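For reference, Swiss-Prot has these:
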- CYS35: heme c binding site (BINDING)
- HIS86, HIS187: heme b 2 binding site (BINDING)
- HIS100, HIS202: heme b 1 binding site (BINDING)
- 32-52: transmembrane segment (TRANSMEM)
- 90-110: transmembrane segment (TRANSMEM)
- 116-136: transmembrane segment (TRANSMEM)
- 186-206: transmembrane segment (TRANSMEM)
Amino acid sequence: MGKVYDRFEERLEIQAIADDITSKYVPPHVNIFYCLGGITLTCFLVQVATGFAMTFYYRPTVTEAFASVQYLMTEVNFGWLIRSIHRWSASMMVLMMILHVFRVYLTGGFKKPRELTWVTGVILAVLTVSFGVTGYSLPWDQIGYWAVKIVTGVPEAIPVIGSPLVELLRGSVSVGQSTLTRFYSLHTFILPLLTAVFMPMHFLMIRKQGISGPL
C-alpha cells in the first residue's frame, strides 16, 4: 500500500492538499452559529440520497403519483423511513438556510470583498425554497394539488405578462399532468443541476476568502 500511495503522492501531491484542508486558519470569534451553512449542506446531501432512492418507486403521473407514494410508505422495506427522513431533512434544510442567512447578514458577512459569496448564497436560498415548493406537490394529494394551484396562480396578478407566466408554470391553462411533469423535472433535474453549479462556487469563495471577522 505504501508504494501505491507514494506513486499517487509523487504525481498529485496529496499530502499538500490534505495539509491545506486541515490547516486552514479559523478565527477565534467563530462559534456554533457559523456551522449553519455546513448543516444546510449536510441536509442537502441527505436529500440527494433519499430522493434518489425514492425515484425508483415514484411515478410522476396524476393517476399514479399518490398510489406510488402510498406503495413506498406501506410496501417497500424501510420506504416509510426513507420518505420521512427526506421530509424531515427538507424542513431542517429550509430552517438552517434561513438561520444561516440571518447569521451572515447580522455579522456583516456580505460586505466587501465577499459580495459574490453573498450573491451565490442568495441564489442557493432561492433554489432551496424552490425545492420545497416543487417537492411539496409531487405526492399529488389534496394538499399538494391545491398548493400548486395557489403558487402557480400568484403571477396572474402581474399586468400583461401574468397569464402567460401562469401557463408557462402550469404547462397549460389549468393544473394537470403538464404541471406535475414540470415540477418533477424541476425538482429532480433542473434545481439539483443549478445547485451543483452554485454550491461549489459558494464554498470555493468561502475557502479562498476565509470567514469574515467580527463586527
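The backbone N, Cα and C atoms fix where each Cβ goes, glycine too.
Overlay of Swiss-Prot annotations on the structure.
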residue	record	Cβ contacts under 8 Å, 6 or more apart
CYS35	heme c binding site	none
HIS86	heme b 2 binding site	VAL46, GLN47, THR50, GLY51, MET54
HIS100	heme b 1 binding site	LEU36, GLY37, THR40, GLY121
HIS187	heme b 2 binding site	PHE131, THR134, GLY135, LEU138
HIS202	heme b 1 binding site	THR117, THR120, GLY121, LEU124
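Same-chain residues lying 6 or more positions outside the transmembrane segment (90-110) and placing a CB less than 8 Å from one of its CB atoms are 33-34, 36-37, 39-40, 43-44, 47, 117-118, 121-122, 124-125, 128-129, 131-132, 135, 211-212, 214-215.
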